[in-house]
Ligand code: KIV
Ligand code: NA
């Protein structure tokens with residue numbers, strides 16, 4: 001059963017919320033089978049799947065393509081679609097782009113920063129919004145932890161409260177000191193989902209490619225549960241060797257329903 005915004009909000013203080021990103025249909029299918037209640041189709045797709053150096057290169061067309069793929073793989077899971085760089089630059093632009101993500105299959109949208117007018121406009125028009133503060137990659141000049149000085153920490157707290165008051169139903173906290181993650185989680189009514197924000201958040205999110213070990217860089221706060229890039233290398237080498245030796249296509253091995261894990 002798909003959890004809508006209200007049901008996710010009600011998990012605060014009751015059940016830790018697990019969130020993973022997904023960008024493709026087969027990955028989304030596995031994530032849904034694992035009963036993860038919420039999938040983020042993040043603009044990290046630009047970096048971890050498309051080879052860009054920054055999330056700023058991601059467009060709304062890229063996002064609708066990936067939201068659609070994830071929706072087809074996970075029909076019963078709450079999907080958050082990220083609004084890419086500048087697609088939320090003013091309230092009307094944001095509403096237009098948010099509607100595109102919803103039409104592609106998202107249940108809610110996420111945007112970076114305390115853009116309170118934008119958030120309020122989306123919510124007033126019936127769109128569920130997830131906030132995002134701390135490190136906000138679309139505008140960050142460096143990827144170091146945010147909120148280490150007292151002044152910076154106060155700014156993150158003020159921004160998070162403003163995002164909540166503007167109507168966001170949940171908030172992602174990225175790369176902040178763990179005690180600040182705990183303070184925010186205590187202060188806010190809405191669930192906090194941490195990525196590098198410590199163990200006291202209401203939930204945790206990982207970029208699935210990082211969790212899978214699919215890539216060549218991982219942020220210090222992620223955890224690799226597998227090493228899929230090594231598996232791909234092994235498969236490619238095995239296949240190349242079998243073509244060279246004319247072993248393939250003999251002894252074909254098929255895993256029935258393997259696409260369904
Ligand atoms: O785009 C993304 O994957 C994100 C997460 C890092 C929270 O915004
Ligand atoms: Na993002």
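Cβ atoms are placed via backbone N, Cα and C, with glycine included.
Keep in mind that TrEMBL annotations are predicted by a computer and have not been checked by a curator.
What TrEMBL records for 174 is active site, proton acceptor. Following the DSSP three-state reduction, the secondary structure of residue 174 (active site, proton acceptor) is strand. The number of other Cβ atoms within 10 Å of the Cβ belonging to residue 174 (active site, proton acceptor), over all protein chains shown, comes to 23.
Cβ neighbours within 10 Å of residue 112 (Mg(2+) binding site), excluding its own Cβ and spanning all shown chains: 25. Per TrEMBL, Mg(2+) binding site is recorded for 43, 82, 112.
Annotation comment: TrEMBL describes 43, 44, 82, 110 as 3-methyl-2-oxobutanoate binding site. For residue 44 (3-methyl-2-oxobutanoate binding site), applying a Cβ distance below 8 Å and a minimum sequence separation of six or more within one chain yields 21, 55, 137, 207, 209.
If you measure from the Cα atom of residue 110 (3-methyl-2-oxobutanoate binding site) to that of residue 82 (Mg(2+) binding site), you get 5 Å.
Counting every protein chain shown, 26 other Cβ atoms lie within 10 Å of the Cβ of residue 110 (3-methyl-2-oxobutanoate binding site).
Cβ environment of residue 43 (Mg(2+) binding site): 55, 58, 63, 82, 84, 85, 137, 138 lie under 8 Å away, each six or more residues apart in the same chain.
Cβ neighbour count for residue 82 (Mg(2+) binding site): 30 (other Cβ atoms within 10 Å of its Cβ, all protein chains included). A Cα-Cα distance of 10 Å separates residue 174 (active site, proton acceptor) from residue 112 (Mg(2+) binding site).
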